[in-house]
């Protein structure tokens, strides 16, 4: 293919020319990535089954093109030249160059042969994981996990160089700039504050009536109710869609075409409602990005954890609040008559906030969820450092589950085989979930300070003041700031477990008194 | 981008190596084209309006990549080397090389600057056409049509070289291998046989009761009915979808993921039913292609006219036949009770086959449709040869409409501004519609000979014998044969207007006796 940058310029190009050329090349990368996003959404939501194999090849080709574009030699040369001229640039241009450098570095750190080898390993690992999970046989997955760990260590070493921490290099893929030095103590604190609260929940004699959320809920009515909620949150359906898929997610091409999905269980409102609010939290972030930066390196979400902070904020801090239900309970009653007719606000709030340990991460509550994450973080951190052997994963898993949640998996399928992440080759991803929870509490405290009438507004169904504040403070800035910078700007403090401690302790004490 | 073919081989590669390399490169082109197809479908069927601008850029990038891949220098060199070795190849390999040559020639005949210039002209022409149509002002479109014609002449000259006919080079884009020398007399014959039949229709005193198809038809019931029909035709919904869009079409990725759409008017069953059967005819062709050739140059539909022959065959020859309604009328009555309760088979058949001249091509019947096409063909042929000036298009159009259909457009919006094709830059496309009609009649005569019980089968709702025959005789062969070759193989004769003459004369005589 012809390169977008010329190979032999008669004289050295100016910084402005270099930037222009690099941005034009970058735009092509965004176009290719946008194509993948929509094809991925289509695959999950409505592709007929016969299309699977050809679709896999199409997506593989787009991924190959992405890599070729990011690793293009002329592009890399331009970006490196820009990096040298960085000091003479204005703030946003410097940040732009840093983001371009990051893309080039990610694409070139791992040699193509290694990337190809990893693709094969991941594909086999995924198949083996599926079989292992069906047969409750960790032994079938173990040799593949060995290879996934070994390959992640190689990639981490290539990215981190001699000085860096290998796990940091992996974390950085999902959470740019985050380090173990920063997150390890905070996640440890999160674990230590959570364990006694779980104990408190288990010992309390609280009884919770679940009829407001478990029973008979017509899926079409659920969809209609959920649509009302997300539109009230501020989701613009002229720039997005809400569909149904087996695994709810938020995809598409933010901010102009955001595709959210939900799943509606006729016997349980929880997954359909809180799941959709969660995805709509992601969706609001995407729709809040600046459309003018849609194909620019500064455009897009900052990181996985900042994304997750937005979804969790709406799901837990808002949709499980008393204020929220003051407005929405009467509307719920209109939709689902008999099932919720006699439910009062307090009963609704208690049902929405029931806590209790469970075996499966994706089914867990907002308290115990973090223990599931910290467990996975500790294991993958130790797998990468070499302190943990793959064969010892099930024992470590089960011991930690017993010690922290008081539960022992009856087999590995409800234990260390439950998640797809490692089978997909992803190590370093898990922490972003809990970082998101911590950020959501920290951001929410700042929101309450900035919006003193917030609860009264939510109680009237007015969610736009909160949404506008989030948009102005976070969404609109795209990638102009790093995650650490934006949190510092918005909350005045670096990452901390304190706001979450205050939030969750208040909830536990109210619902499960000592 | 790295090229898939190496630049400096130490010794000349073998024919088998060249072929392997070229096919690997070709597969990437198919993947990119498949991505475009699905994104195009998404855009028409369900994309939120906000996504339009970004989607246009995504599709433009994929189109650019397609051109870069097709025009890749190393690929072109390999294919030219293969072309030289063609005589030593077996039939299918030789045909493969010919198809590869065609791709390279198409991509390299037109220099990139000319292609870029044309893209701009087309984009402006499209905007001007929209405005001209709204204001009934051909003058607004004329200067753009001048440029479209001039650019098509340039491209035709580049493709045809000094010896070739320019219009043939344009026709060849949509109908590979077709020439004016071949189609001009047949289309002339088609015109001459149709004009007196239209006259016969206009003079007959036939009254047709349209209540079987015009009245009150619930769109959801229409969708359900149409789904039953297309499934009975043999559409496999595990390898395809049937959705709703403003302009019905058949897209997707044949044969594994074929996306058909329909439009359902609550007051008129015709567009919804015959339109969907038409698209399902296209869909059956796509689903009948050999999946093993899905990413190979031999894979895919032969030409636009062969595609159209399949859609027209099902739409007109089958779905407007008495046999078809013998089976489906009782089912129609079950779905639409009151509206069709007292309709008998003869009334149904007559309503489905009403003929009569009209101003708009896309609303016209199967008799007059070809006059609309031949008119456009004659005009564009003469625009390219220089025998017709753009400014004289409206007068020529209106005169031909009056002479052949007995109608004069009251303005250019219902005259020469009605179609989008020229505004999109496409000259040479129109004839494929009528070629498709001619082929459909020719193929149907062969089918009746091969399947003596065809009518009885259709009358029992058994459409699989016809479908399997079409699949075996046409669909399965992908591009192994040219359009001319396949028609010769299937019908024993070259393209001819005779079968269509027999078919349509029979219908006109039955419904509109002299």
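Just so you know, glycine gets a Cβ as well, placed from its N, Cα and C.
Matching B:53-81, B:82-110, B:111-139 against TrEMBL, the residues noted as coiled coil span B:82-110.
Per TrEMBL, the Zn(2+) site holds B:278, B:282; the candidate it also names there, chosen from B:238, B:308, is B:308.
Confidence in the coiled coil (B:82-110), given as mean pLDDT, stands at 93. Distance from the CA of residue B:279 (active site, proton donor/acceptor) to the CA of residue B:308 (Zn(2+) binding site) is 10 Å.
Sequence-distant neighbours of residue B:279 (active site, proton donor/acceptor) (same chain, six or more apart, CB under 8 Å from its CB) are B:248, B:249, B:250, B:260, B:261, B:262, B:311, listed in sequence order. Other than B:278, B:282, B:308, the residues of this chain whose Cβ falls within 8 Å of the Cβ centroid of the Zn(2+) site are, in sequence order, B:250, B:279, B:281, B:307, B:310, B:311, B:312, B:314, B:315, B:436.
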